[in-house]
Amino acid sequence: MDAILKNQKHADTSAKAAADSASTSHAARPDRAEVEEAVLTLLRWVGEDPKREGLIETPARVAKAYAEMFSGYEQDAAEELGRTFEEVAGYDDIVLMRDLSFHSHCEHHMVPIIGKAHVAYLPDGKVVGLSKIARVVDIYARRLQTQEAMTAQIAGVIQDVLQPRGVAVMVEAEHMCMAMRGIRKQGSTTITTRFTGEFRNNNEEQQRFLSLIRG
Ligand SMILES: Nc1nc2c(ncn2[C@@H]2O[C@H](COP(=O)(O)OP(=O)(O)OP(=O)(O)O)[C@@H](O)[C@H]2O)c(=O)[nH]1
Ligand SMILES: [Zn+2]
């Protein structure tokens, strides 16, 4: 648990550093030409001829795709949750978003992790726009991840910023590094959970979350 928390802190710090450096200078990052050169090297590594017609534009396309798939380093999840509402007619029960699909990449092999996140919180006076929860999932997904760290990061930022009575996060995902290579187990799903506050301390609330996502 401590290790996950530390990683989470580390990830947030590095993300902040990346975001800061992105807004000030790109000194720490390679430029497009260097990235394209690296893709050329990979093409040669897999046995391709980078000069053949179909591959001429590939290094540029890969650089563009990576910028999109890893755009989470440029974004601040806490900022997304900054705008809250209090006018919800006293509603203070569970808010649950089920089946938020995401695509991420594992930090070990840089291949896809494909899955769904279920995120709930018990508001304490304020709620947040539903799309913001989905954005938080995407921000963390669009970084190199382990499923455990991503699960802890989503719960951590919602707890820190909204300060609800509790947060529950379940992530279900398939890791392509287990399906396409290595052990080659297709169709297996990894489930991770993180509970805070009442979801952690009150078994009934935790069971309610679990039965709602299964329903
Ligand atoms: N805990 C955890 N492990 C992950 C995640 N994504 C990938 N892995 C695992 O990370 C491990 C990396 O193991 P290593 O032995 O360093 O690398 P490897 O030789 O490529 O391992 P194999 O996949 O077993 O061939 C593998 O067991 C992967 O299945 C994740 O999100 N969480
Ligand atoms: Zn992997």
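Note: Cβ is positioned from N, Cα and C throughout, glycine not excepted.
Any TrEMBL annotation is an automated prediction that lacks curation.
These features come from TrEMBL:
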type	residues	note
BINDING	Cys106, His109, Cys177	Zn(2+) binding site
COMPBIAS	14-27	compositional bias 'Low complexity'
DOMAIN	36-214	domain 'GTP cyclohydrolase I'
REGION	1-31	region 'Disordered'
### Task
Enter the number of other CB atoms within 10 angstroms of the CB of Cys177 (Zn(2+) binding site).
16
### Message
Using the Cβ center of Cys106, His109, Cys177 as the Zn(2+) site position, which other residues in that chain lie within 8 Å, going by their Cβ?
### Response
His105, Glu107, His108, Met110, Val111, Ile113, His175, Met176, Met178, Arg181
### Message
Can you give me the same-chain residues 6 or more apart in sequence from His109 (Zn(2+) binding site) with a CB-CB distance under 8 Å?
### Response
Cys177, Arg181
### Chain-internal residues, separated by at least six, CB under 8 A from Cys106 (Zn(2+) binding site)
Pro112, Ile113, Leu144, Gln145, Thr146, His175, Met176, Cys177
